[in-house]
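Colleague: The structure under discussion is supplied below as structure tokens; questions concerning it will follow.
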Amino acid sequence: MVEAWYMDESQEDQRAPHRQRPNREVSLEQLRRLGVVYRRLDADNYETDPCLKEIRRAENYSWMDIVTIHKDKLPNYEEKIKTFYEEHLHLDDEIRYILEGSGYFDVRDKDDKWIRISMEKGDMITLPAGIYHRFTLDENNYVKAMRLFVGEPVWTAYNRPADDFPARKQYMKLLAEEAHNGV
């Protein structure tokens with residue numbers, strides 16, 4: 001099961017857990033209010049998993065590939081790791097399904113504080129278009145993940161500040177509605 005928490009302010013190794021002391025856990029419901037969707041799937045059988053097939057059909061995830069992030073597998077590894085950890089947003093949802101290994105997605109909450117989401121084998125996450133986020137490996141330094149898209153993939157990341165994009169404005173509207181509804 002996925003675990004999430006508020007991060008400390010340390011600038012030490014990005015691959016460390018960075019838990020506050022005392023730890024401030026974040027629930028799946030809190031993540032949902034930020035527009036983050038979490039699912040748990042059978043990564044050992046991803047090629048034939050009927051649950052994954054249904055998710056892809058229902059969400060119209062027509063394109064996918066698999067990426068391995070490890071110093072021996074990813075060209076320009078060090079550069080890519082730095083790029084992934086730059087705070088950014090996308091104009092489309094970001095969908096990642098961890099097939100092997102582990103890593104962290106960090107997202108900003110409504111008060112602009114970092115929440116770290118620990119992802120491991122079997123975890124699928126959808127980050128909504130317009131949310132500021134970043135990714136890093138954990139101390140295991142390895143992850144194999146499926147990337148899913150609606151239609152052709154768009155790889156463009158817009159580093160912060162990117163508040164003028166319609167996707168960001170729509171995301172901020174979602175947060176305001178969640179706050180107004182008190183949900």
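Here the Cβ of each residue, glycine as well, is placed from N, Cα and C on the backbone.
Residues or ranges marked as Ni(2+) binding site in TrEMBL: H88, H90, E94, H133. The Fe(2+) binding site annotation in TrEMBL covers H88, H90, E94, H133. Summarising the annotation, TrEMBL assigns compositional bias 'Basic and acidic residues' to 12-23. Feature annotation from TrEMBL assigns region 'Disordered' to 1-23.
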Colleague: Around the Fe(2+) site recorded as H88, H90, E94, H133, what other same-chain residues have a C-beta within 8 angstroms of the site's C-beta center?
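Modeller: Close Cβ neighbours, site residues excluded: L89, L127, I131, Y132, R134, A157.
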Colleague: What residues, ordered by sequence, lie under 8 A Cβ-to-Cβ from H90 (Ni(2+) binding site) and sit at least six positions away in the same chain?
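Modeller: Within the chain, H90 (Ni(2+) binding site) has Cβ neighbours under 8 Å at L127, A129, G130, V154, T156, A157, Y158, A167.
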Colleague: Please give me the CB contact count at 10 A for H88 (Ni(2+) binding site), counting all chains in the structure.
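Modeller: Around H88 (Ni(2+) binding site), other Cβ atoms within 10 Å: 19.
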Colleague: What does the DSSP secondary structure composition of the region 'Disordered' (1-23) look like, as residue counts for helix, strand and coil?
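Modeller: Breakdown, helix to coil: 0 helix, 6 strand, 17 coil.
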